[in-house]
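Some features that Swiss-Prot has for this protein:
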type: BINDING; residues: LYS14, THR173, ASP174; note: ATP binding site
type: BINDING; residues: SER54, ASP141, ASN153; note: substrate binding site
type: DOMAIN; residues: 280-358; note: domain 'PUA'
Amino acid sequence: MRSKVTGAKRWVVKIGSALLTADGKGLDRGAMAVWVEQMVALREAGVELVLVSSGAVAAGMSQLGWTARPSAMNELQAAASIGQMRLVQAWESSFGEHGKHTAQILLTHDDLSDRKRYLNARSTLRTLVDLGVVPVINENDTVVTDEIRFGDNDTLAALVANLVEADLLVILTDRDGMFDADPRNNPEAQLIYEARADDPSLDAVAGGTGGALGRGGMQTKLRAARLAARSGAHTIIIGGRIERVLDRLKAGERLGTLLSPERGMLAARKQWLAGHLQTRGTLVLDAGAVQALRQANKSLLPVGVKTVQGSFRRGEMVVCVGPDGLEVARGLANYSALEAQKIIGQSSDAIESLLGYSAEPELVHRDNLVLV
């Protein structure tokens with residue numbers, strides 16, 4: 001199983017705030033230098049590398065003399081805008097000492113939910129990687145709002161793994177990996193060395209929240225692994241305080257928790273659909289429609305929908321749930337919520353008489369639908 005790590009040719013490495021700062025007192029340049037040494041060694045071993053770096057808010061807080069992470073959005077954005085300058089300068093300086101170039105890329109969810117911008121970001125990232133440059137990626141905290149934020153850099157790293165079709169996502173954290181119980185409360189807790197990313201039993205052991213400086217707890221890391229699995233990537237959740245951890249991973253040492261995709265890589269468009277985090281409404285399906293989606297790879301027809309919830313326009317993302325309320329799929333609606341209300345439960349042949357026109361016979365076409 002660890003051959004999936006040692007043989008991986010393209011890595012996305014996510015480093016959290018706690019591993020880049022000196023107890024919240026600004027950037028730890030010494031720690032960053034050690035990370036860079038290991039990443040340069042990976043590059044020289046032929047590994048293509050993308051870095052997703054937290055730390056902008058923490059660096060800005062230190063510069064402003066703040067000791068506690070603010071909750072107000074405008075204060076967070078102010079800290080991020082100050083800290084991002086210092087963060088990128090630190091990475092550029094450290095990589096430059098080894099003759100390596102870096103590039104800053106700031107992303108928002110809007111960048112990846114728009115198909116044209118998504119493809120442009122993918123093209124830019126792949127070009128940088130092909131040139132041997134190390135892209136340093138962060139969320140654009142200065143302009144993002146609660147409604148369109150990724151929520152944490154674990155999720156962003158997973159979507160970047162999809163963008164560049166990475167073989168491996170490495171999420172470095174302040175824990176040694178995922179445990180079968182909370183090691184802070186249970187001394188008998190055992191590290192989970194390998195599992196399938198979609199294993200439902202992992203949800204029960206992934207509770208908890210992030211640290212004081214960061215946003216992502218173990219649950220977000222598990223969700224990130226599942227997102228990355230959509231593009232066929234393996235994910236390692238591993239302790240960033242383990243000495244020379246990246247070197248040791250590359251050497252095949254059995255460290256951290258390796259989460260593997262069960263299914264093969266989704267097609268590129270399906271990866272883009274799976275990466276949509278913001279949904280506008282919900283379609284409640286009957287059992288027959290659920291079966292048609294899951295077993296026959298069919299489009300979603302109006303006749304199979306029982307209820308429409310929320311407000312959405314044509315082309316916006318909706319969640320499809322079964323009679324039990326569990327999510328089955330998500331996709332882009334061919335009709336608005338108001339139009340969908342009028343045609344659900346009806347044959348596609350009746351759409352024109354009900355609406356006065358017929359855009360498509362499907363409520364969600366299978367090409368715009370991804371199973372979850």
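For all residues, glycine too, the Cβ spot is worked out from N, Cα and C.
ASN153 (substrate binding site) falls within a helix when secondary structure is assigned with DSSP.
Rounded to a whole number, the distance between the Cα atoms of ASP174 (ATP binding site) and SER54 (substrate binding site) is 13 Å. Straight-line distance linking the Cα atoms of LYS14 (ATP binding site) and ASN153 (substrate binding site), rounded to a whole number, equals 7 Å.
As a summary of secondary structure, the domain 'PUA' (280-358) carries 28 helix, 23 strand, 28 coil according to DSSP.
Cα spacing between ASP141 (substrate binding site) and THR173 (ATP binding site): 21 Å, rounded to the nearest whole number. Note on LYS14 (ATP binding site): other Cβ atoms within 10 Å of its Cβ, all shown chains, come to 31. DSSP assigns THR173 (ATP binding site) to a strand in the three-state reduction. Note on the domain 'PUA' (280-358): mean pLDDT across this stretch is 93. Take the CB of THR173 (ATP binding site) and look out to 10 A: across all protein chains shown you find 26 other CB atoms. Taking only the Cα positions, the spacing between ASN153 (substrate binding site) and THR173 (ATP binding site) is 12 angstrom. Counting other CB atoms no more than 10 Å from each candidate's CB, the binding-site residues ASP141, ASP174 peak at ASP141. In this structure the residues listed as binding substrate are SER54, ASP141, ASN153; their two most distant Cα atoms lie 11 Å apart. For the recorded site, ASP141 (substrate binding site), the DSSP three-state label reads coil.
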